[in-house]
Structures are given as structure tokens and as C-alpha cells.
């Protein structure tokens, strides 16, 4: 009987290893912008975006992979396409992104207000730390800071998309969707992976990767 490999703390790239999940949420919007830029036809661009979403969803079913990301992406694309086709304005395709990012901002900022910073729960779960770890005052302080950083990213995204929509800049929205998507997410994730342990050490809090019992 073989011995299972030893567990190691997950790094930032472990959370990004599902490239299919990334594709499910980025390819269709970019395709919409490209097709619209070439054809100037909202209906055509919307049809291509929805078609890509459907193909990705079916491909996941055929391969018997998790369809959660594909289904969520498909529903989001369908809603965005419906709004754009209904209004006749390509930039309206990005209204769901404004709502999504605004909602995430409210959730993350709200968790800070109620003194339950969401990143504390996420980090605790990721590293299988004791549930009491995130309740340590020093830990809560650091997780509050990190949660506010994430909330800032979501708010920035919402504002950028809103400005792009109001200005009618479809190409700008496409570039923003790409640049502020995976690259920004990965950068902030990597920042947290390096910064959070150092910040915890500064305030004298235990590291979730090497938990210690609270005093």
C-alpha cells in the first residue's frame, strides 16, 4: 500500500490551477467585445458570446467535470447578452459586472463592519486552521486589513466598469475586463500569500500555516 504524499500548505497558484474555470468566466466577454468591434452588431456579438458559453457548458458535461463555474458563467453571459440586445447598446453587456463587483464590495466591506472579516474565514478554511484562530484579536485585525484591500479591488472594478458603460467605450470595457480580471486577482492573491504571514508576525499573531493554540 503506497504512502500518500505529505500535505503542504497551498500556495497562491494552487487556487489558480483550474484553467477551465478561468476560461469559463473570461473568454465569452472578450469574444463579445472582439466580435462587436469587428461587426458593430450587438446581436451578432451577443450570439457569439452565448454560443461560447453553451459550448463550454456542454464540454464540461461531456468530460464529467464540475459544471458550477460553467453554469454560473453561462447564466451571467445570457443575462448580459439579453440586456445588451434589449437596449441595443453593446456597453450594456457589462452591467451585470457592475452589479457583481458592487455586490462583492458590499459583502466584503459588510463583513468588516460586523467584525467578521471574510478573508479570515477564507484563510482559516484554506489552511484548515482551528476555527478559533480567526477570532484572535490580532488575527482579526490583520484579516480586517486584508479584507478591506479586497473590498477596494471590487469597488475599483465596479467604478471602472460603470465609467466605461456611461462613456460608451466598449473596447475600454473589454480591456478592463481582461486586465482587472485574472491578473489583478492573481496579483492580490500573491500579495496576500506573502504579506499576511509577515503582518501576522508583526502583531504577534499565530500563522495559520503553523497554528498555535491561543492563549
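Just so you know, glycine gets a Cβ as well, placed from its N, Cα and C.
Within the listed segments 48-66, 67-85, TrEMBL records transmembrane segment for the stretch 67-85. As stated in TrEMBL, the feature transmembrane segment covers range 21-38 out of the listed 21-38, 129-146.
Tertiary proximity for the transmembrane segment (105-127) is limited to same-chain residues at least six positions away from its ends with a CB under 8 Å from its CB atoms, namely 9-10, 15, 133-134, 139-140, 143-144, 146-148, 150-151, 154-155, 158, 192, 196, 208-209, 211.
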